[in-house]
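K.L.:
For reference, Swiss-Prot lists these features for the protein:
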{"type": "MOD_RES", "residues": "SER5", "note": "phosphoserine"}
{"type": "MOD_RES", "residues": "SER10", "note": "phosphoserine"}
{"type": "REPEAT", "residues": "34-38", "note": "repeat '1'"}
{"type": "REGION", "residues": "34-77", "note": "region '2 X 5 AA repeats of [RC]-C-L-C-D'"}
{"type": "MOD_RES", "residues": "SER64", "note": "phosphoserine"}
{"type": "REPEAT", "residues": "73-77", "note": "repeat '2'"}
{"type": "MOD_RES", "residues": "SER86", "note": "phosphoserine"}
{"type": "MOD_RES", "residues": "SER122", "note": "phosphoserine"}
{"type": "MOD_RES", "residues": "SER123", "note": "phosphoserine"}
{"type": "MOD_RES", "residues": "SER151", "note": "phosphoserine"}
{"type": "MOD_RES", "residues": "SER167", "note": "phosphoserine"}
{"type": "MOD_RES", "residues": "SER189", "note": "phosphoserine"}
{"type": "MOD_RES", "residues": "SER194", "note": "phosphoserine"}
{"type": "REGION", "residues": "209-250", "note": "region 'C-X-P repeat region'"}
Amino acid sequence: MAALSCLLDSVRRDIKKVDRELRQLRCIDEFSTRCLCDLYMHPYCCCDLHPYPYCLCYSKRSRSCGLCDLYPCCLCDVKLYCLRPSLRSLERKAIRAIEDEKRELAKLRRTTNRILASSCCSSNILGSVNVCGFEPDQVKVRVKDGKVCVSAERENRYDCLGSKKYSYMNICKEFSLPPCVDEKDVTYSYGLGSCVKIESPCYPCTSPCNPCNPCSPCNPCNPCNPCNPCSPCSPCSPCNPCDPCNPCYPCGSRFSCRKMIL
């Protein structure tokens, strides 16, 4: 459990790091698509549209064209194209970086969902379903006949040339409940990362009742097995109310029984 908790904490830290990088990339993308002269110089400087006769990048560098502080080789005074990289290439790089970060974030979320699903045997989480792209009011959970069904449906409407077009998107996941979980005790929650968690207040049974497992609500002992791991049900153990001896052996050790038979 300690190793699993450490792994989940590491995945959460990675997801937060990716979210921060995505926000930084969005800021860079907004900065790169906007000209600081309040004109869209895309993809070139377009000095003919500048309100000044020339770009004045060298005389008023800090006021008229703030980009020249980053690219000092601007040749706007002679009405040539700027030697800085094209904003289109910067946009393409930013878009590729954003797509890579989104794929990495989706991969981390899938890994987290798999870890949560695999940890169901050691926690009260029975299952986890990813419903990314759906609102909480569009998700429905139904528990019936020992099964949990998670479904979600969304309607998209498009206006095209005066006509309306519709498209539908839906998912449906179903899994069975453990034998010791009551349907009335099953609850669900819409958590972080568009993930629906199915939970129960009682832990699922992981192993059958045996003398080495003490009594618990989900693991009741057999009448022949005492509620003590050190006292298994066998003819060799001493007499006590929870562990009666075999009629062939009196209350004592095996030596006394063998002596009586001889």
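Heads up, the Cβ atoms here are built off N, Cα and C, so glycines get one too.
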K.L.:
Could you give the Cα-Cα distance between SER151 (phosphoserine) and SER189 (phosphoserine), in whole Å?
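P.N.:
Pair distance, Cα basis, whole Å: 14 Å.
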K.L.:
Suppose we draw a 10 Å sphere around the Cβ of SER194 (phosphoserine). How many other Cβ atoms does it contain, all chains included?
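P.N.:
Taking all protein chains shown, SER194 (phosphoserine) has 17 Cβ neighbours within 10 Å.
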K.L.:
Does SER189 (phosphoserine) have same-chain partners at least 6 apart in sequence with Cβ under 8 Å from its own Cβ, and which are they?
P.N.:
VAL196, LYS197, GLU199
K.L.:
Would you count the other CB atoms within 10 A of the CB of SER10 (phosphoserine), including those on all shown protein chains?
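P.N.:
Excluding its own Cβ, the number within 10 Å is 10.
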K.L.:
Please name the residue among the modified residues SER5, SER151, SER167 whose C-beta has the most neighbouring C-beta atoms within 10 angstroms.
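P.N.:
Max Cβ neighbours within 10 Å, all protein chains included: SER151.
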K.L.:
On a C-alpha basis, identify the one among SER5, SER10, SER194 that is nearest to SER167 (phosphoserine); the candidates are the modified residues.
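P.N.:
Nearest by Cα distance to SER167 (phosphoserine): SER194.
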